[in-house]
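Report on one structure; see the data block that follows.
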């Protein structure tokens, strides 16, 4: 039946609801959605009829966001489904753009299985992120060791591996550690040459450091013997006790093991007693020659070989980064320092009457052994002396038992003669 006419006196106002939007094509077929809120033809009008309730106003339209084609299709399907009372389907993710997934998950592995395992195991051993590895290689970090650089150079991928990884992986967010390492290494120009220069710099610096430290130890030992007056006096005492004016410093440790005629006291023990009783100031030679303790077993010839090795190595220095000039300067400085050390040792040998051609390092090692022997004997002598003093103090403070009183016999007094009595 046709709808009843509106009551008299009420003008019909035009409908303010915008016409429905044209249907949007959806990837998912939707059923026909019935009109909502249109039970009467005038339900959208502002002027309500008698006996009818006012319909709630519609909310203002929301701003349309900028979406991609896939998002627009998903939102259109969701709105159409909502009108029909159906749940909105899940949006299908758009296909990735330039970012790609890992080559392993995509089934296109540019690395062989053994090579991948090798890289992953080596990177775990280095225990350093790939970004830090490349940063250290770019700046040639001096804090690294030559062994670290050698392991790094062993892992550098070939050009074929880099090209295969670049084609298969690109810069995907799901790169494995091995793929990331291969791609980063391939983007550094002349990486192999850079690693060679880096390793040479570390090796050369380490050799210079070792040679310099060795020469400084020898120079300190020579200066300690040159300035120690107490050591000279103790050496002269040992010569007098043995009656050997030609006793060399290198023979002191063996001579100190000589025993007396009773076979109990050694020469170093007797020397410690004599110095402790009569010349206690001479015991100060032990801390004065403590610089000889750091000589070790490396001889003079080994030190000379270290310096010669640095000089030979600087001739092979690469020219990149001014490394050749730096190597020449350091080698010349070490040579000058070694010549000064030779002159200092020669003066020391002449002062003590030693052979100039002898191994100075062995002489310093003998001084260190003699000082340690004397220190042990002198400390033992002091302990015995301290125990004796402690015992004497205890005896002095201990109460003494009373002495028995001696019996005094009264001597007979002479009898006085009476006055006037004749002397018998």
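In case you wondered, yes, glycine gets a Cβ from its N, Cα and C as well.
Among residues of the same chain six or more beyond the coiled coil (324-351), those with a C-beta under 8 A of the stretch's C-beta atoms are 204, 208, 211-212, 215, 218-219, 222-223, 225-226, 303-304, 307, 310-311, 313-314, 317-318, 358, 360, 363. If you look up TrEMBL, you'll see 324-351 marked as coiled coil.
The compositional bias 'Low complexity' annotation in TrEMBL covers 24-35.
TrEMBL lists 43-53 with the feature compositional bias 'Basic and acidic residues'.
Within the model, the domain 'FH2' (111-233) carries an average pLDDT of 87. The annotation domain 'FH2' is assigned in TrEMBL to 111-233.
Here TrEMBL flags 1-73 (among others) as region 'Disordered'.
TrEMBL lists 85-113 (among others) with the feature region 'Disordered'.
Per TrEMBL, region 'Disordered' is recorded for 386-424 (among others).
Secondary structure of the domain 'FH2' (111-233) per DSSP (helix as H, G, I; strand as E, B; remaining residues coil): 96 helix, 0 strand, 27 coil.
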